[in-house]
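Undergrad: Structure provided below as structure tokens; questions to follow.
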């Protein structure tokens with residue numbers, strides 16, 4: 001009896017040690033890998049020839065799609081309508097980023113730029129690892145690995161495409177991304193209302209601490225979030241527009 005009690009205590013201790021903690025050792029290692037990888041991808045993007053860059057983009061796309069499929073399979077093994085439907089904006093961003101890396105389509109890059117740098121990056125800063133049934137397990141649990149692999153790859157895709165491949169966005173792209181995001185929000189909010197889910201945290205706040213905590217209660221934080229995203233995305237667009245206008249001015253000045 002005593003042995004089983006000790007064994008239970010030992011198992012409980014091991015489980016507690018494996019619980020994910022924001023800014024604990026495993027999280028800090030992920031952030032260090034993220035920073036180093038982002039710098040390397042920018043360096044490679046600027047130095048590799050076009051053919052090698054296209055190959056690198058496709059390798060990243062395959063990795064991203066592979067991680068997405070692994071995460072989805074795990075969700076479907078034990079289906080739960082609260083977590084198994086790929087309706088989070090991060091899910092859509094992952095598929096879009098994979099397509100952008102593979103195809104080099106500008107519209108896909110635009111969505112990856114805005115979603116990856118602002119929304120997916122938030123998941124790295126305030127991660128919501130795990131599920132209500134499985135808790136928030138630490139490395140090497142598959143939930144930890146797939147969560148951070150997917151979010152790191154999406155943000156890497158945005159950084160690599162922008163500063164490595166020198167893709168740019170403009171005001172037209174800003175409007176396009178904003179409208180697509182609003183369409184996703186309307187659809188997902190309706191799904192949540194019908195199914196009793198909370199994809200995108202549109203119907204209530206996440207259970208863990210996040211940036212939404214400083215934006216007020218529901219539904220005030222939704223309106224605040226829309227305003228904040230609109231302003232931040234505008235600030236992300238304005239420098240590229242200025243550079244573009246400056247370039248046009250120089251061309252006009254050279255013309256007779």
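From the backbone N, Cα and C atoms, a Cβ is placed for every residue, glycine too.
From TrEMBL, here are the annotated features:
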type     : residues : note
TRANSMEM : 20-43    : transmembrane segment
TRANSMEM : 55-77    : transmembrane segment
TRANSMEM : 143-164  : transmembrane segment
TRANSMEM : 176-200  : transmembrane segment
TRANSMEM : 220-240  : transmembrane segment
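So that I understand the layout, could you describe where these features sit and how close they are to other parts?
TA: Within the same chain, residues 124, 126-127, 129-130, 136-139, 144, 148, 152, 155-156, 159-160, 163-164, 208-209 sit at least 6 positions outside the transmembrane segment (20-43) and bring their C-beta atoms closer than 8 Å to a C-beta of that stretch.
Residues 113-114, 117-119, 168-171, 173-174, 177-178, 181-182, 202, 205, 212 of the same chain, all 6+ positions outside the transmembrane segment (220-240), place their C-beta atoms under 8 angstroms from a C-beta of that stretch.
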Undergrad: By a Cβ-Cβ criterion of under 8 Å, what residues six or more beyond either terminus of the transmembrane segment (176-200) are in contact with it?
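TA: Beyond its ends, the transmembrane segment (176-200) has Cβ neighbours at 81-82, 85, 87-89, 92, 107, 110-111, 113-115, 169, 206, 226, 229-230, 233.
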Undergrad: For the transmembrane segment (55-77), give me same-chain residues lying six or more residues beyond its boundaries with a C-beta closer than 8 angstroms to one of its C-beta atoms, as numbers and ranges.
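TA: Counting only partners 6 or more residues beyond its ends, the transmembrane segment (55-77) has Cβ contacts under 8 Å with 44-45, 48, 83-84, 86, 91, 94-95, 97-102, 104, 142-143, 146-147, 149-150, 153-154, 156-157, 160-161, 165.
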